[in-house]
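Engineer: TrEMBL lists these features:
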COMPBIAS  231-243  compositional bias 'Basic and acidic residues'
REGION    231-295  region 'Disordered'
DOMAIN    273-351  domain 'UBX'
COMPBIAS  286-295  compositional bias 'Basic and acidic residues'
């Protein structure tokens, strides 16, 4: 075994047995991104439609920074990879914080000799793709450009491939929970990430999750109290109205009931109205998310029709993917109902370009 591989094996073993954890101060250029995100919410970045995701090698450097990594990666290795958010680092951290997940950071060095094998065998592995999509917010960048270069310098990357598990921290810092340099197999990577989640997740996120849960619990309590108050008030008003109303046949109410039970109503519409709804969360490659309610008897093609109706850039040629377990909803599933397709009562899908 070469000295490099021995060192990589040593680092992997150290990562499993002794979790890395250190605070890192962010450079001003990254902090500027945090200010924009915190002040103005998420900023969606979409690739201009003129690129159409089919870019010649000499044009890779001309795409917007947020898309440079995905463009370079997919040009060389194809579209099978974890769901990397195409946005600035600050925006990815905000998404991870909102979703209460750690951020998986990957710095891509296309010309490094270890990069091809890592991308082909590890990042494109179905095991790694499913695990990352289910448990992390993934963000990648070119190590020699923009935010990727800034993070490589900040984290002291000396070897590639470079991966890190990051959590938000107070002030102008982030917490690096895990750092890997050099090639690693799919099984080793998943084991390291799983151990990091187990050892750091409860300790690091416990206080924040408890605080957030308390806020949500207080909000729910206030909402329930408000609903109970308004319901009691409405009942008092209704009793008073009935008490003072002259006794008469409630003709209008009777007519309304007859209309609702009329056999002229379309049976298919009545059946569809009686079906429970399915909540579908759709994630787009630029980080934007849309949630839509469908009937559980709607077909999978209804989701495609909804996405197409939005007219968003980058949705010309795609397919829908469920994260974990990974499942493709393509042409063969178009006429399946959402219930039969396993998308009821709630599901999360993301767009994968073809």
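Just so it is clear, glycine is given a Cβ too, placed from its N, Cα and C backbone atoms.
Automatic, uncurated: that is what TrEMBL annotation is.
Note that the structure is predicted; figures quoted are calculated from it, not measured.
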Engineer: Which numbers of helix, strand and coil residues does DSSP report for the compositional bias 'Basic and acidic residues' (231-243)?
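Structural biologist: Per DSSP, the residues of the compositional bias 'Basic and acidic residues' (231-243) fall into 13 helix, 0 strand, 0 coil.
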Engineer: Do you know the mean pLDDT across the domain 'UBX' (273-351)?
Structural biologist: 87
Engineer: When DSSP states are grouped into helix, strand and coil, how many residues of the compositional bias 'Basic and acidic residues' (286-295) land in each?
Structural biologist: 0 helix, 7 strand, 3 coil
Engineer: Can you break down the domain 'UBX' (273-351) into helix, strand and coil residue counts using DSSP?
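Structural biologist: Per-class counts: 15 helix, 30 strand, 34 coil.
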